[in-house]
């Protein structure tokens with residue numbers, strides 16, 4: 001049970017019993033990655049080139065696409081190299097950088113989703129003040145705050161793991177690096193790292209989720225005050241795409257957190273599938289959801 005103060009590398013997890021199917025799994029992952037890159041790049045290109053879409057809602061959508069593109073690019077190419085070239089090891093430094101990017105980008109995405117919920121609230125509950133409140137300058141400031149918030153809250157995670165001694169076991173539970181996964185391999189008291197990680201998630205993703213729910217409670221109250229049922233459906237339909245995107249982000253996030261904290265006895269296959277769903281599914285679904293639900297984007301694509 002020797003320990004190394006600074007391990008040279010960690011070993012990425014494979015899917016037990018499916019080693020012969022690595023080629024087909026990699027083709028599926030590669031196809032999803034290409035779809036995510038194409039869809040998000042198309043959304044950003046359309047918003048950039050169409051002057052009529054230069055509004056806060058579409059700028060936030062552009063931010064969301066850029067985040068999804070960055071998140072999938074920081075993980076999927078490394079996963080594909082594992083399946084294609086059997087490069088199972090990832091260096092200690094690269095693992096910490098990847099872990100920082102995953103958690104930070106997730107925090108930024110959560111903040112942008114909250115900003116989009118506020119945008120929907122202002123547009124529905126205070127439509128006459130929408131243009132005055134959410135100006136382009138304010139939208140840019142929100143984007144900068146989202147970036148700063150993600151970096152400041154999640155930069156300490158790799159720094160807390162850096163001085164810890166690690167045991168001889170270097171096998172991760174996923175094909176990429178997550179804080180909880182790396183922390184479980186340490187041979188020291190990880191309570192400060194665990195408490196800080198949980199606190200950061202609750203103060204960022206947890207608080208954002210509560211505020212998003214509060215925004216929609218206020219939106220529902222405003223919608224229900226409308227006299228016509230047809231008007232209610234028409235107004236609330238402008239929120240459907242955002243609700244679907246919120247669910248696509250938070251459901252895999254909650255599922256992965258539950259698996260990490262309470263699913264230690266689950267099969268390794270469950271951990272790997274949940275991890276890949278968390279990384280890829282929102283990046284693939286988000287441009288499809290907004291492409292289907294937003295007529296302006298549909299017309300521009302056609």
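All residue numbers here begin at 1 and follow the chain in the order shown.
For all residues, glycine too, the Cβ spot is worked out from N, Cα and C.
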TrEMBL lists transmembrane segment for one of the ranges 168-193, 194-219; which is that range?
194-219
Pairs of Cβ atoms less than 8 Å apart decide it: which stretch in 20-46, 100-122, 194-219, 240-263 has the most with the transmembrane segment (269-292)?
240-263
Considering only the recorded stretches 58-80, 100-122, 142-166, state which has the highest number of Cβ pairs under 8 Å to the transmembrane segment (194-219).
100-122
